[in-house]
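Scroll down for the structure; my scribbles are underneath it.
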Amino acid sequence: MMQFTESPSQPSHQITSFSIPTMNKNQIHRARPWLGFPTSKGLGSFGDANCMEQLLVHCANAIESNDATLTQQILWVLNNIAPPDGDSNQRLTGAFLRALIVRAAKSGTCKMLAAMANARCNLSIDFHTFSVIELASFVDLTPWHRFGFTAANAAILEAVEGYSVVHIVDLSLTHCMQIPTLIDAIANRLEGPPLVKLTVAGGVTEDIPPLLDLTYEELGSKLVNFARSRNIMLEFRVVPSSYADGFTSLIEQLRVQHLVYAESGEALVINCHMMLHYIPEETLSPLPNPNSNPYSFEPSSIQSLRTMFLKALRGLDPTVVVLVDEDADLTSNNLVCRLRSAFNYLWIPYDTVDTFLPQGSKQRQWYEADICWKIENVIAHEGLQRVERLEPKSRWVQRMRSANFRGISFGEDAVSEVKTMLDEHAAGWGLKKEEDDLVLTWKGHNVVFATAWMPV
Amino acid sequence: MVLCDFATSMGSSSGSSSSSSSKPLPSPQQQDIDGLLAGAGYKVRSSELLQVAQRLERLENAMGNSPADFSQLATDAIHYNPSDLGSWVDSLLSEFVQPSTCPSEVIMDPVPNQAVVSNAWTTAEPQNPQVHQNICYEQQSLNNQLTVVTATEEDSGIRLVHMLMTCADCVQRGDLSLATSLIDDMKGLLTRVNTVCGIGKVAGHFIDALSGRIYQGIGGGSVNGGSVLENEILYHHFYEACPYLKFAHFTANQAILEAFEGHDCVHVVDFNLMHGLQWPALIQALALRPDGPPLLRLTGIGPPSPDGRDSLREIGLRLAELARSVNIRFFFRGVAASRLEDVKPWMLRVNPKEAVAVNSIMQLHRLLGSEPTRNYPIETVLSWIRSLNPKIMTVVEQEANHNQPLFLDRFTEALYYYSTMFDSLEACTVQPEKALAEIYIQREIANVVSCEGSARVERHEPLAKWRTRLSAAGFKPLHLGSNAFKQASMLLTLFSAEGYSVEENEGCLTLGWHSRPLIAASAWHAVPDASAEFPAWDNQQSS
């Protein structure tokens, strides 16, 4: 309810957030949008998160259009309303603010280091390098990864029943943290424990959190020992390979293997846990097609690495492929679109963290530092440097189908296992079954999806 | 007295060592007869003083040149109404044969006079005669022409500065004739200096300002006579082109935001609303502050707009729209006043329960005067500000000493200050912002240099002086916190050219160019008036 000292007439001009009525035709300064929100939203109940998102969007627009004055103003506001020790919305906004500053610092004539030194928040992220035990307990704190582990393991167990050799290719962001449980399950469930081969791609996520303080060789020997303690023979192999080229060297290795072992009853399991979204897709095609709609899923004439990778997987004739990833679309080439998508997804980890980590705890800092890194990557970087190229479940499903896979439904056992696991965590977590797929939810919003596939 | 001093040049014993002319020009109030000459029995209009002085000089010249005629004057001439000094001198002059070129006649083509001038004013500029030599030198050596030009340019630049100072000194001493010929010399020198940037550009403005001072005689009120709309446009472009005003806004807003913490009813009084550029950011920050938005009142003071528009109200409406869109209760009041001293505290309708912030961006200096003893509006205004009991008063002022009593001191300070500011403006490449920003600064220069009395409003004083003044008026400093410093540093580093520096100065922040502070921001609050509780006249209680 606004009151004016003089009763206002209805403004003769439409004041939207992007128009400024010029006062006089003689004025030659260019029109500048005042920081405002579209009045169509009116006086409705504005979530603070909504306002913050709007401000971030305004800021991104200002940066993209090189409007230093407007950027400065919005950054000033954001700096004041997003304290690093505030509530989850404020910390989320703070992380985006940080990313926008990094982005602004990259363009223009400023000195990045000086900006960092003067910034209110420390712009360089302090990463924690985890030990195996730390990482294991860290990923157990929340269903974020446990969900995918549980669902995937259930699908894998079902698929490899009866095989005497199980070859698991683990493409996972969490450095084989899924494997101990899987080995346990294999040891407990299967008659005549099989020979288990484990292949991982080495040197993949050296720069992407979470960081491990072991080499993969060291990790491998730990896993071998663990398997031995469960009476499982584990062969461990690291193949240096990178998402940047669609894991070509790994695929090559596997192809050779396939030729050799295909007849001997070896089950090939491809376990993808939040790794595939790093493989470049269509919006990062080498020959940019200016007419291509970044949202349409039409493979361009030059196929993206992502498409090629899935095709190559199909060529290996795997027994089962499990694809677990985060359900969000961060592939847009348009900064503002990406920002909106990211903001409307990454509020979730900030919201959940209160339920499992106390404020001020070191683990909470690590957790939020990882999210910060992700936000910075999405917002401040472009091209090859921008590696967090999440696609929603629908897109991945489409891709897999195009690559001649068909979906495998998760059985009742799998569902109840996941539910049991979720009961160990806060009440906000939930489970959705969408056709063949399982989706982890937080307060009803999609968080992580799990899908299982076999060759058509 | 404003008689021209020719003692050095003519070597004559006219001996008018009128060094009492530390007062450069008579005050503008004396529109008619010059008071001092009237006291001596001469009726000369103040507006004609310069011309009379020049004619007297010519008369002296003529007398000196032809002493024979002079003695004839003494016996035969009929002098009409000697109290009308102007026409009396004219009548005398008409008796003499005028030389075809007169060194003091400024209307004539300056170039052929240069050699003459340089001979006449031996003490003024010893290097003057060499100007011609340099020209020849340039033409001769084509090989290293570039370096010669540069060296000459640099030399010319330094020479310009010397001449500017000398000219200002002449003006201060009242030697307007010498001053005007120096102006001509400098204008000539300007043609050999790059006037697009550097010393050439700012020198041009100072030469113009000095000219303005000399030729307008009194007041020079028309020098700074931009319309309200013009001033707003120039201000806006100055805002865009360089970070000074932005720095002022961020820093003041940060202090106000922090001062308002915990208050549910807040009131900001803006001494110069302009386009309200400072306020959208504060409105948003208040609307989204962690404790929830307060009720915000904004009172904007500004000049009345011509042609029936109510620009204050227009700005208020736009701010209100913005406030509505971010869900903060907002009230706006506009107070139209041509001068800050015309504003009375009751016009601001301050509620005793609300937290008040008084925001003055480069306004307080306009209330100062020249003499330390007289009562100037600054006292009144500071006193009613204090009576509002503001939670905070944010003061941003130019960090310069442009209100010193002696003209030459002011001039020198301004020359260095505005050179630095123009240097910093070089980094801006956006047009028309840059060009208009330069005009904005140029107007300030013109006001500092060529105006006097009530027309001279750009009476900048440095932070140290404001500290003394505000403390004496019952204000205590509030330290601008580290947040303000960090924000200012970060934002400036990100978006401004290298060379700007934010510095902390005992709780105040300054923004400068290469370690010369150019603008200073400080925050204050009113000291509780102890004497209000214990009236000073009631001495019995203290014993």
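Even glycines carry a Cβ here, placed using N, Cα and C.
From the options B:34-38, B:364-368, B:524-528, the stretch TrEMBL describes as motif 'LXXLL motif' is B:364-368. Residues of the same chain lying 6 or more positions beyond the ends of the motif 'LXXLL motif' (B:364-368) and with a Cβ under 8 Å from any Cβ of it are 271, 339-341, 376-378, 381, 395, 397-398, 403, 457-461, 466. Sequence-distant contacts of the motif 'VHIID' (B:266-270) (same chain, at least 6 residues past either end, Cβ-Cβ under 8 Å): 256, 260, 276, 278-279, 282, 286, 294-301, 348, 350-351, 354-359, 388, 390. Of the candidate ranges B:235-300, B:356-447, B:450-525, B:235-300 has the most C-beta pairs within less than 8 angstroms of the region 'Leucine repeat II (LRII)' (B:314-346). Under DSSP, the residues of the region 'Leucine repeat II (LRII)' (B:314-346) split into helix, strand and coil as follows: 17 helix, 7 strand, 9 coil.
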